[in-house]
Amino acid sequence: MKWIRRMLLIGITAVILAIGWPHLDRLKPAAAFAWRSVSSGEFLKPGPVIQGEAAVLVNGETGELLFSKRASERMYPASTTKVMTALIALERLKPEDRITVGDEVSLRTPGESSAGLTAGQKLTLRDLIAAMMLPSGNDAARTVAVHVARKSCGAKLKTREAMNCFAKLMNERAKQLGADDSHFVNPHGLHDPDHYSTARDLAIIAMKAMEQPEFRRIVAEPEHRVAGSAGTGSAVSSSGSPAPQRYTNRNLLVQPSGGYYFQGANGVKTGFTDEAGYCLVASAQRGGTQLISVVLRSTQSEVWTDSTALLTYGFGKSS
């Protein structure tokens, strides 16, 4: 086993020398996955049995690889896509920016997840990200994407043009982060054959998103309350004013009353389509250790047990 590790270390060193040190920044945190796992011998150690088709576990601060299963194989990410959507929005806008919901909400697909937004509503970016991340509102993802695109690519863009512009921003950001096996065509993750990622790439994106304080706060919430905002078809309270909205987090790891609650869980995003299966990007912190796990193409129940097994394994190694 030692000679295998020695040869892998030599190979990685050769790659570093070939590309040159100035390019290493682009490889972080991706480079940390390979270097630390090989140099520490972690790739030789058995981990938990994971039922999902692909999975990865990393230290959320350093990028150290703790577990990997088909982590570089392209899979459909479903709504875990929204982690990238939220990251781009928070990097380009302020959480308190007020955004008006537009005609993009009419692009709904029957049966898709929705936050119940209506045209004309005005919400902060903070509340829209909560609407996108907790109940997995595709409508909120579209509203965020269109607003960011018009700020970045041109205020007069039509809705479809803005959506296409935002997809380009997503792909550009993925390349910058070293998530090279990802390609996005929409901000929400509804199935498209050309919309894919990997467990490894999703971990890289989640690590970056968790650096955003507002993102960390939102995805850790069991629920998020939003003051009422008038819009076409908005619900009203008994007093006649717009009714407040409550968004419940679908991530059962952060729900204290749920059967899958995990102590220390603080994010991140669920996902499901028929083609993607059940997906979960999860994070948890205990003491000074932050972990991020990704499980792709699992089942409705095993996505939770897979994620719990990964996080438990990771904290066991760090204790």
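First residue shown is number 1, and so on along the chain.
From the backbone N, Cα and C atoms, a Cβ is placed for every residue, glycine too.
Region 'Disordered' is the annotation TrEMBL gives to one range among 94-115, 226-247, and that range is 226-247. Mean per-residue pLDDT, taken over the domain 'Peptidase S11 D-alanyl-D-alanine carboxypeptidase A N-terminal' (48-297), amounts to 95. Counting only the Cα atoms, the space from Ser136 (active site) to Lys82 (active site, proton acceptor) is about 8 angstrom.
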